[in-house]
Amino acid sequence: MDLEALLIDGLAEMQELPADQSLLKRQLLQYIALLVKWNATHNLTAVKTPEAMITRHLLDSLSVLPHISGPNVVDVGSGGGFPGIPIALARPEWQITLVESNSKKAAFLKQTVLELNMPNVRVLHQRVEKVNLQEEINTVISRAFSSLSRFAQSSSLLCEKNPESCRLVAMKGNFPDLELMQLPPEFAVEQIIAITVPRLKAKRHLIVMKCGQGV
C-alpha cells in the first residue's frame, strides 16, 4: 500500500475530521516528506519510515480530536510537531502554539509552518516554564514529553487565565499507574480515555486533568 492509500485508509476510520479531506491529506503528506528529510540530519524522531510515521505519529495525533477543546491549544514539548501540527491542519480555525526548547526541533517546526502555510500556528523556542501567553487557553497537551507530574507542574501556569475550562491532556501509551499515583493532589484527573488508533496495536491512553486551587 502506498503512502497516500495508507493515509486515506487511516483517515477513513478517524472521527471529527473535515468533510472535505483533500487539502488535509495533501498537507499531511507534505508534512511527512519534510519530517523524513529533516530527520536524516536532525534526529527529530526514532520512527524512520514514512509508513510508520503515518500510523505512529499522524493518526496517533489525530485520534485525540474528539477529546480536546479549542480554539486555543498549546502543544508542550512539541518535538517534531506531534500532536500540534496534525491538530492544526485538521482544525485551521483553531490557534495552535507549539512550545519546544530544542533549537533544531524548533527550527524544523518553524520551517514546517512556513512551507505548509499555517497562519494558525506559532512556534515558541522556549522552555514551557518561561512561556507567558496573553489569551485564555482551552487545552494544554503533551505527547511523550515527560511524567504526568512534571507535565502538570511545568504547564499549569498556562491555564491561569482560564482555570475553570482549561484542561491538561497527556498522551500516554500503557496505562500509567505509577505516574498517576505520583501526581500531586492539586491536579484532579477528570478522565482516563482509552484511544484506538487505526493500524496501531499498541495501547494508547489520554489523561485529562484540571488544575485545582493553589496551583
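Cβ atoms here come from the backbone N, Cα and C positions, even for glycine.
Remember, TrEMBL labels are computer predictions, not curated facts.
S-adenosyl-L-methionine binding, as stated in TrEMBL, involves GLY77, PHE82, VAL128, GLU129; the candidate among ARG56, ARG143, ARG150 given for that site is ARG143. Cβ neighbours of ARG143 (S-adenosyl-L-methionine binding site) (same chain, under 8 Å, six or more residues apart in sequence): ASP60, SER61, ASP75, GLY77, GLY79, PHE82, PRO83, MET171. Here S-adenosyl-L-methionine is bound by GLY77, PHE82, VAL128, GLU129, ARG143 per the record. The longest Cα to Cα distance in that group is 19 Å.
Note: VAL128 (S-adenosyl-L-methionine binding site) has non-local neighbours VAL76, GLY77, VAL99, SER101, SER154, SER155, LEU158, i.e. same-chain residues 6+ apart with C-beta under 8 A of its own C-beta. The Cβ of GLU129 (S-adenosyl-L-methionine binding site) has 12 neighbouring Cβ atoms from other residues within 10 Å, across all protein chains displayed.
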